[in-house]
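Peer 1: Below are the structure tokens for one structure; questions will follow.
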Amino acid sequence: MGRKAKFNEGVIVRKGPGKKAKKTERSNFSKKLDSQHQKHRARKRLQKIKERQDKQKLLSEKKKKLDRIQRKELSKKQTEEESEVESEEDESEEIKILPSKGYSDDNKLWLKPKQKWIVQNENINDDESDDNGEGDSDTEDDHDDVNNEVEDEEEESDDDIEMENGKEELDDEEDSNLKVENLNDLSDDDSDDQDEFDSENEKSDKDVDDLLPIEKQNIKLKKKQAKDQKLADEEMQLNIANQEVFQFPIKESEEEIQSLQDVQQRIREVIAVLTDFKKLRDKTHSRSEYLDILKKDLCTYYSYNEYLMEKFMQLFPHSELLEFLEASEVQRPLTIRTNSLKTRRRDLAQALINRGVNLDPIGKWSKVGLVVYSSQVPMGATPEYLAGHYIIQGASSLLPVMALAPQENERILDMSAAPGGKASHIAAVMKNTGVLFANDINKDRIKAVVGNFHRLGVVNSVITCMDGRKYPDVLKGFDRALLDAPCTGTGVVAKDQSVKTSKDQQDIQRCYNLQRQLLLATIDCVNAKSATGGYIVYSTCSVLPEENEWVIDFALKKRNVKLVDTGLEFGTEGFTSYRQFRFHPTMKLTRRFYPHTHNMDGFFVAKLKKFSNLIPKSADHDEVTEENVENEKK
């Protein structure tokens, strides 16, 4: 076969430890993450250490610089002393030192606070005048620097050294009058004077030298802020003292006021007077006169008729009245209701967000509502809308159905169903089970109910078109009933501005008479012996008590019903007393909603429980029905 080739011959193979002998590195386990507070403290410690190091470095540089300057000045001083000894015999005038006020110690010439030297020279050589002039100017500049603000530190050190040189020259000439001592030999009196001077200037030069530039700027900023605050307080006190007292307008001044800004200003002034009437009133005029001016100005500014404005003034306090009127001028946010028969709110929101719609859930109180802030497409023309995944509906319109709380497989009546928003909501809660009767007297509006039911997929409904007051003669025995009664619309002024001027006393009287009849008919349609129901929900989009509490109080007297809790988590309680009228104590179970407090249309919701099918007979009932018939004929 031949001999084997030795390819590895001559190659030195180094044999080391095997794999088992190899030592693995120690595993480093990550430390537990620090909390946010610990991280913040650690950063703060590092920052303080860095600031301390920077400060020490800056101080060391200053000392080195001062040492260099002092060495130069010492050599310069020696040469000057030699020249002064030669020229001392030829001097014709002596330098006189005037004592400064407030100082009597012997070492006042070289203390840190600079003194003001007055030098009188008449015939001095050019060299001496130059030297003395430098010393004078330096001392004066240093004195100004102490009284004002601290300048650059390098310039200060130069000025201090030059000033000391000038003082040493004078010390040689005035040895008889002045004595030089060391800092360690200073007496207590001298230190007290020094402390007083330092307190006046707020910072000694030694402290200022130790400060960083940013700390100096901080001192300046605090001084400026304190000064500005003091001026602002003085100005505010001056404005309060000079505040003008409202003067009752004369007929001539009323004619002069033409702009809306003047009217608004007078509205605020009158309301301010009415809030503290005893103190700010004009004794020659009564409260009713102030109220007349306020009513007239509010009608002018907000374009209401006087009757409706008077109703609002009786309903709200004056400060709250302005908030209500302002909120009624602004449109409420656009809200939509998810059709739970076809989709879920989460899926609908995601689909609309993908189409460029900015929206959010309407709140914790609703599981199907969404509020739309902005959209790139019309909300009434999206594929989701056409497919019946949602309906455009006000937030307040969700409340009556939530209070009704329909159950599956029930017979439910919606007495005024058009355009079908609340009725379709009832069908969605029932999950298309049971029977839903949707009624409306207007034939044109009933078409909208048919269209919405078809688009939303409601199949458990029976749509009727007849007068609701005659409904008990046709159908009875419903488990639950909803009456969204026709009203004046004082809670939805933002949607219909014509309400401001078109509604008067006759309209309100006609509305609440119709509402009373419809509510009694709705109660008669409900079966009190129903196993799951026997509930009636009454709602209006009005804020006037005539259409709300008065109607409910009338029904409590005429039918065997009682008020129960609506189950709504928010809203203000209904009135148990209004002006001279007193209502049933359980009226606090009803709920009111306002534009300025709940950011939704003005609304009223009441829930009644029927406990007997018997209708109490009384002469008063017959009289009321006759009056209602006469009003309807008119």
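Note that Cβ sites are derived from N, Cα and C of the backbone, with glycine treated the same way.
Worth saying up front: this structure is predicted, and the values here are computed from it rather than measured.
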Peer 1: Report the candidate from Asp440, Asp496, Asp504 that shares the S-adenosyl-L-methionine site with Ser416, Ala417, Ala418, Pro419, Gly420, Gly421, Lys422, Asp467, Asp484, as recorded in TrEMBL.
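Peer 2: Record source TrEMBL; matching candidate: Asp440.
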Peer 1: Given the ranges 224-270, 553-599, which one is assigned the annotation coiled coil in TrEMBL?
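Peer 2: So the range that TrEMBL calls coiled coil is 224-270.
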Peer 1: Hey, does DSSP put Lys422 (S-adenosyl-L-methionine binding site) in a helix, a strand, or just coil?
Peer 2: helix
Peer 1: State the non-local partners of the compositional bias 'Basic and acidic residues' (48-61) in its own chain: residues 6+ outside its ends, Cβ under 8 Å from one of its Cβ atoms.
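Peer 2: Contacts with the compositional bias 'Basic and acidic residues' (48-61): 210, 212.
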Peer 1: Can you count the other CB atoms that lie within 10 A of the CB of Asp467 (S-adenosyl-L-methionine binding site)?
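Peer 2: Other Cβ atoms found within 10 Å: 12.
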Peer 1: Please report the Cα separation of Asp467 (S-adenosyl-L-methionine binding site) and Cys541 (active site, nucleophile) in Å, rounded to an integer.
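Peer 2: Counting only the Cα atoms, the answer is 21 Å.
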Peer 1: How big is the Cα-to-Cα gap, in Å, between Gly420 (S-adenosyl-L-methionine binding site) and Cys541 (active site, nucleophile)?
Peer 2: 16
Peer 1: Looking only at Ser416, Ala417, Ala418, Pro419, Gly420, Gly421, Lys422, Asp440, Asp467, Asp484, the residues listed as binding S-adenosyl-L-methionine, what is the longest Cα to Cα distance in Å?
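Peer 2: That value is 20 Å for the farthest Cα pair.
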Peer 1: Tell me, how many other CB atoms lie within 10 A of the CB of Gly420 (S-adenosyl-L-methionine binding site), whichever protein chain they belong to?
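Peer 2: The answer is 29 other Cβ atoms.
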